[in-house]
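*Asks:* These came from TrEMBL, pasted as-is:
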type: DOMAIN; residues: A:4-66; note: domain 'V-ATPase proteolipid subunit C-like'
type: TRANSMEM; residues: A:46-68; note: transmembrane segment
type: SITE; residues: A:E54; note: site 'Reversibly protonated during proton transport'
Amino acid sequence: MGAIAAGIAAAGAAIGAGIGNGVVIGSTIEGTARQPELGGSLRGTMFLGVGLVEAMPIISIVIAFLVMNK
Amino acid sequence: MGGDAYTFKFLGLMFNWTNLISGLVIFVLVFCLLYGLSRKLQMKPKGAQNLMEWMIDFTNGIVRGQMPANEAPHYNFMAFVLFVFILIANEFGLIFQFGWGGHELLRSPTADPIITMTLALVIMTLTHFAGVARHGFVGYLKTYCTPYTAMLPINLFEEFSNFLTLGLRLFGNIYAGELLLKLLAQMAFSHGIPTMIVSLPLEVVWQGFSFFIGGVQAYVFVTLTTVYISSKVSTEE
């Protein structure tokens, strides 16, 4: 049962992180294409956004590791 | 590779040798690094002084980008020390993992939730202090009721969730990185040569990615610290 729970948690984390990061980085690419002179500033904000968005999926992965062997 | 945490009881409280030893090693490491980089100061910097000035300029830029201009210089130093400490603490566990007698002695201290939640608690207390210093005690309590009194539970919950996610974000990233390194190493030694050949490039790639994530998480922690302080300190005009 622990393995199934870990699998479901990891799947949720992967989908959430993938879609969330995709939206953030896609917006950054679009913004850089519109105004290339803001490229450096947008890149810094992108890393901040990725760090924030990935908080919940990472916690989900930690829970998956915790229940993996039960 | 390491073992489990090494706790001892003292005066009825649980303490953790792993955190104490790792933390101490990182304190000494950070001090030696910053001390060594700041010798022989000249007007035209070269070499080590250049590196130190670049790091300080980097964290000054983070603070300047978030805070109003008259408050920013107060928090430059804190942001710099926080950034260097969290960066070195995150990367430390990727290089040194030391266990002895079944107990874990050296690893990233930020891979322990106690350490990261303590850091987050210190930062949140600092934001409360900055808010009270700016608005006075009653004025600060009144800011929880802006713009309507009905926002009070939402503001309180936001305080609590900021604190929780600040600590757990750092813990989750570093702990998941180290745990996956351990799992890859277990996989490498499970079936002899073929698994070793497969998991060696995986381990190298994951170590590189964890290095990058350690840097990003230090940056995010310091930026969120300055954002929280500036939200308490700046008044809406």
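Every residue, even glycine, has its Cβ placed from backbone N, Cα and C.
TrEMBL: automatically predicted annotations, no manual curation.
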*Asks:* For the domain 'V-ATPase proteolipid subunit C-like' (A:4-66), give the DSSP counts of helix residues, strand residues and coil residues.
*Replies:* 61 helix, 0 strand, 2 coil
*Asks:* Across all the protein chains here, work out how many other Cβ atoms are within 10 Å of the Cβ of A:E54 (site 'Reversibly protonated during proton transport').
*Replies:* 24
*Asks:* Quickly jot the same-chain residues contacting the transmembrane segment (A:46-68) by Cβ under 8 Å, restricted to those at least six beyond its ends, or write none.
*Replies:* 2-3, 5-7, 9-10, 12-14, 16-17, 20-21, 24-25, 28
*Asks:* For the domain 'V-ATPase proteolipid subunit C-like' (A:4-66), provide the mean pLDDT of the predicted model.
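*Replies:* Its mean pLDDT is 92.
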